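**Q** I'd like to ask you about the structure that follows.
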Amino acid sequence: MSADAVVFWRHGQTSYNLEWRIQGSTDIPLNETGLGQAKLAATHIASFRPRRIVASPLTRAYQTAQAAAELLGIEIQTDPRLVERHYGLWEGLNRREIQEQYPEQAAVWMSGGQPEGLQIESKTEVGERVASVVRENSAEMGGGTLLIVAHGAAISCGVAELLDMGGAWGGIGGLDNCHWTLLRRQTNREHEWRVAAHNQIVAEGEDPVRNFKA
């Protein structure tokens, strides 16, 4: 039996997020706002009662995972397959800088294509590695909820792969800082997983998962 549900939780805010810079595999820690976001959201993430936490080893994701792990008393497992999508030569640049330095590749990117010559990881590659983490851990758990703490593009691509969306993954929008997405497993259906909630945020005093039962 596999996990009954998977919660994907994106990391909190970083200085690069504030500056609209591409982080990718660059290891940037949370800023003060991000630490506060993680602490606030952690109480609600913990309400899902995850039995296992698997996080990207990048600092911003691990710091976010720690906020929930401390409440749950669960050890964090890290997996390098959960790191953010590699953006190659674009990492560290903001949108204006990309358009100025790489106008042709930026146009391809904006049209939904894969720019060449920039060492950018493909959506398919990202989706396959993230989904493999979910499938392996889910199969080992024998029920319950799995918490994955990772990054915006990594989560979007991974969810699309789990939903068998293939090249149509663009139908899954991104996640804002410290937002989460919930997948529930379904039996005797064409697809193993369905989206129960996407890009959800926690407001202070609010409990969006009070009726959740894994």
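Placed from the backbone N, Cα and C atoms, the Cβ positions cover glycine too.
All annotation found in TrEMBL is predicted automatically rather than curated by experts.
Pasting the relevant annotations from TrEMBL:
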type: ACT_SITE; residues: His11; note: active site, tele-phosphohistidine intermediate
type: ACT_SITE; residues: Glu84; note: active site, proton donor/acceptor
type: BINDING; residues: Arg10, His11, Gly12, Gln13, Thr14, Ser15, Tyr16, Asn17, Arg60, Glu84, Arg85, His86, Tyr87; note: substrate binding site
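Situate these features within the shown structure.
**A** His11 (active site, tele-phosphohistidine intermediate) counts 32 other C-beta atoms within 10 Å of its own C-beta, drawing on all protein chains shown.
Glu84 (active site, proton donor/acceptor) carries neither a helix nor a strand DSSP state and counts as coil. The Cβ of Glu84 (active site, proton donor/acceptor) lies under 8 Å from the Cβ of Gln23, Gly24, Ser25, Ser56, Leu58, Ala150, His151, Gly152, Ala153, Ala154, each of which sits 6+ residues away along the same chain.
DSSP assigns Gly12 (substrate binding site) to coil in the three-state reduction, outside any helix or strand.
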**Q** Is it possible to get the count of other C-beta atoms within 10 angstroms of the C-beta of Thr14 (substrate binding site)?
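**A** There are 21 of them.
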**Q** What span in Å does the substrate site cover, taken as the longest CA to CA distance among Arg10, His11, Gly12, Gln13, Thr14, Ser15, Tyr16, Asn17, Arg60, Glu84, Arg85, His86, Tyr87?
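**A** Output for substrate binders Arg10, His11, Gly12, Gln13, Thr14, Ser15, Tyr16, Asn17, Arg60, Glu84, Arg85, His86, Tyr87: max Cα distance 20 Å.
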**Q** Between Arg85 (substrate binding site) and His11 (active site, tele-phosphohistidine intermediate), find the distance joining the two CA atoms and give it rounded to the nearest Å.
**A** 14
